[in-house]
Amino acid sequence: MSRKLLAVLMVCTFFLIAASMGTNALPFHEGIERRAAKCVDKMPFVCMRKDIPAICKNRNHRSYAFIMDVCRKTCGQCT
């Protein structure tokens, strides 16, 4: 049973890596600016969504705690 669990965890990890690489396609110079400003996204494919600023302002949203933890240092988002 532990092999099945390990396989599921590996698939989920690879899916998250692939998703973050696919949607975080920033131009090279923009990436440098973000690094210089110390913007850190734990999950860029989540933090770049258009509805994130609205969630940051709404403490009653069901995903508020998760978004604030993951996207706290996102430039222009939950700062």
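Cβ coordinates are placed from backbone N, Cα and C, and glycine is handled just like the others.
As given in Swiss-Prot:
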type	residues	note
SIGNAL	1-25	signal peptide
DISULFID	C39-C78	disulfide bond
DOMAIN	39-78	domain 'ShKT'
DISULFID	C47-C71	disulfide bond
DISULFID	C56-C75	disulfide bond
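The 10 Å shell around the Cβ of C71 (disulfide bond) contains 25 further Cβ atoms across the protein chains shown.
Taking each of the disulfide-bonded residues C47, C56 in turn and counting other Cβ atoms within 10 Å of its Cβ gives the largest count for C47. Distance from the CA of C71 (disulfide bond) to the CA of C56 (disulfide bond) is 9 Å.
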